[in-house]
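Listed in TrEMBL for this protein:
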TRANSMEM  41-61  transmembrane segment
TRANSMEM  81-104  transmembrane segment
TRANSMEM  111-131  transmembrane segment
TRANSMEM  176-200  transmembrane segment
TRANSMEM  367-393  transmembrane segment
TRANSMEM  429-448  transmembrane segment
TRANSMEM  454-472  transmembrane segment
Amino acid sequence: MASAVEGDVWTAAGLSWELRPGLEELSLNKLATSLGASEQALRLIISIFLGYPLALFYRHYLFYKDSYLIHLFHAFTGLSIAYFNFGCQFYHSLLCIVLQFLILRLMGRTVTAVLTTFCLQMAYLLAGYYYTATGNYDIKWTMPHCVLTLKLIGLAVDYFDGGKEESSLTAEQQKYAFRGVPSLLEVAGFSYFYGAFLVGPQFSMNHYMKLVQGKLTDTPGKMPNSTIPALKRLSLGLIYLVGHTLLSPHITEDYLLSEDYENRSFWFRCMYMLIWGKFVLYKYVTCWLVTEGVCILTGLGFNGFGEDGKAKWDACANMKVWLFETTPQFNGTIASFNINTNAWVARYFFKRLKFLGNKQLSHGLSLLFLALWHGLHSGYLVCFQMEFLIIIVEKQVAALIQNSPALSSLANITALQPLFYVVQQTIHWLFMGYSMTAFCLFTWDKWFKVYKSVYFLGHVFFLSLLFTLPYIRKALVPRKEKLKKTE
């Protein structure tokens with residue numbers, strides 16, 4: 001992966017590993033090489049784990065202190081993390097935050113402010129993608145900037161909703177509508193919060209202000225009892241980190257492009273794609289679990305109390321690990337993966353397209369937005385196009401099984417359910433890997449080569465189902481009139 005400043009060594013708070021020739025072997029570059037990772041990836045991991053000591057400092061020295069001190073702490077630590085990872089290119093995020101503050105103050109709670117925010121922030125992000133894009137996955141300033149883009153757009157929409165009468169807002173909009181007028185320091189603290197600046201999760205300004213005001217705690221007036229829940233998410237993240245570290249040298253996307261892969265049998269190519277598709281997501285799972293632990297430790301993860309009276313700490317959850325590992329459905333994986341980003345798109349994009357009067361069109365446009373938000377490579381468009389196609393087909397298959405007496409009876413045979421589960425999981429992860437191939441290989445020449453090697457199996461399979469399912473349904477699902485007669 002390319003670096004913002006190639007060959008930089010870790011510099012933080014005036015500390016340099018290369019001050020002494022005797023410690024030269026301790027440079028981040030050499031350490032990363034010895035671990036089989038890039039220096040940029042190591043910087044990212046260090047920065048994510050740095051959230052824990054920062055959270056402990058906040059808990060013991062800043063909890064219930066003056067709000068401006070907390071905002072200042074978040075802004076300073078976030079900027080320091082940005083500088084540590086991307087050098088002077090941290091100015092991109094700072095510039096967009098200042099511009100967003102000016103938009104809110106000068107344009108007020110208007111549609112113009114929302115549209116200006118959306119166009120400006122997305123244009124800046126896409127321009128960043130255009131000028132920095134390579135054919136590989138690079139950890140550069142655009143990585144946290146895509147998180148920031150959603151955060152600032154969401155802030156503009158919530159600020160706009162804050163100027164409306166409550167009766168004109170939905171219950172969800174009332175929850176997130178921001179009634180106050182944020183200062184530049186508040187916007188900076190919200191944007192640079194160290195537990196979410198690099199990889200998320202998304203959260204609203206209202207939720208952030210509750211953190212600063214000391215309201216996100218299960219024991220009012222005291223620090224939240226969130227240490228154990230935070231350590232549980234950290235431990236789970238470490239398990240995925242170890243698994244990814246051990247397997248990453250053996251399961252790579254580079255192998256998908258190799259001659260050896262191309263010369264293997266068709267079934268081997270499919271099975272490798274299946275295993276790789278599952279494994280490649282573990283790096284995202286690791287980052288989200290670790291950062292969720294940071295958010296829980298600070299109190300940001302507090303989500304009220306459950307019916308059993310116990311505190312819930314899932315406000316910043318980006319993963320439902322059990323669902324992710326066990327669901328045999330594509331929709332289940334989507335519901336368990338990158339939860340806060342999906343919720344953001346649903347809240348600020350999908351539901352705002354209600355005026356179109358077509359859910360599928362709104363869904364398709366939302367996925368198009370997500371593809372562009374990820375980057376300008378064709379692989380993103382292909383991946384989300386496949387997701388759109390798969391979800392449509394999966395819903396049709398589920399409806400067919402439910403409405404067909406023959407298929408419904410077959411699906412309810414207890415002895416066959418383990419077999420059905422294995423078949424579903426195989427299909428699920430094979431085509432998840434198929435979709436992720438385009439997502440991870442980026443450029444058309446790479447993903448096209450791999451898709452060609454498996455004869456575009458995913459497109460053929462789901463397009464065939466899309467066009468044949470109506471005829472299968474006609475044959476297997478009795479007409480309502482016939483059902484009434486038999487009753």
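Even glycines carry a Cβ here, placed using N, Cα and C.
The stretch in closest packing with the transmembrane segment (429-448), judged by the count of Cβ pairs under 8 Å and taken from 81-104, 176-200, 367-393, 454-472, is 367-393. For the transmembrane segment (41-61), the residues of the chain that approach it from at least six positions outside its boundaries are 1, 10, 28, 31-32, 35, 70, 73, 77, 81, 84-85, 139, 194-195, 198-199, 223, 230, 234, 241, 287, 290-291, 293-294, 297-298, judged by C-beta separation under 8 angstroms. Highlighted: of the candidate stretches 81-104, 111-131, 367-393, 454-472, 81-104 has the greatest count of Cβ pairs under 8 Å to the transmembrane segment (176-200). Among residues of the same chain six or more beyond the transmembrane segment (81-104), those with a C-beta under 8 A of the stretch's C-beta atoms are 4-5, 8, 10-12, 40, 43-44, 47, 50, 113, 116-117, 120-121, 124, 128, 139-141, 144-145, 148-149, 152, 155-156, 159, 181-182, 184, 187-188, 191-192, 194, 197-198.
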